[in-house]
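To keep things clear, I will list the structure first and then write my remarks on it.
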Ligand SMILES: Nc1nc2c(ncn2[C@@H]2O[C@H](COP(=O)(O)OP(=O)(O)OP(=O)(O)O)[C@@H](O)[C@H]2O)c(=O)[nH]1
Ligand SMILES: [Zn+2]
């Protein structure tokens, strides 16, 4: 395992997916649930699942520092907000999806370093495309903006539905989990309240 930036949570870069091993594991799992992996419909399933895993867990092999490495010198020490960023992740407890939106606001560094807006979406992908819990995605996105962009303030809100709560277990479809992380200047109650109202923009 290569450790690219041990100080920032979630910056470990993992080895590639072992596709043959993943295929064998899926075949074994199908047998374990009482299926016949050799029936027509399932013949290609282990290969498909292994291929999907490369995509679904791609964030394990991405470095947030790299995503945020390109910046622009823009004189703007005020809040920048990108909201309603679609997010799909996988819960690390059941390996079932959870999905929703992320809203990100940050106050750029005093030296006026801002990132391209698309990079905020890419940052969400880096942390969402891993076996995860929602709280951790939220804090990792916030911490990455402080660590790698030098943001003076950060607010991240994630709203998601967890299929492990909808299609199994407690079976509460439609329930949404909301998590937030606030850093630096945005911890000030008045600034935070203003950011939160912009972030959620008349939603509630
Ligand atoms: N805090 C947190 N919990 C999550 C997340 N995703 C899933 N969970 C919860 O993880 C918990 C795992 O609970 P356990 O009691 O160990 O597992 P379980 O028996 O499958 O739990 P049930 O879902 O209640 O049937 C459940 O309460 C899930 O709702 C997440 O992102 N954050
Ligand atoms: Zn779960």
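Note: Cβ is positioned from N, Cα and C throughout, glycine not excepted.
TrEMBL: automatically predicted annotations, no manual curation.
The domain 'GTP cyclohydrolase I' annotation in TrEMBL covers 23-198.
Note on residue 91 (Zn(2+) binding site): other Cβ atoms within 10 Å of its Cβ, all shown chains, come to 18. In the three-state DSSP classification, residue 91 (Zn(2+) binding site) falls within a strand. According to TrEMBL, the Zn(2+) binding site annotation covers 91, 94, 164.
Report note: the Zn(2+) site is defined by 91, 94, 164, and the residues of the same chain whose CB lies within 8 Å of the CB centroid of those residues, excluding them, are 90, 92, 93, 95, 96, 98, 162, 163, 165, 168, 169. Sequence-distant neighbours of residue 164 (Zn(2+) binding site) (same chain, 6+ residues apart, CB-CB distance under 8 A): 91, 93, 94, 96, 98.
The DSSP secondary structure for residue 164 (Zn(2+) binding site) is helix.
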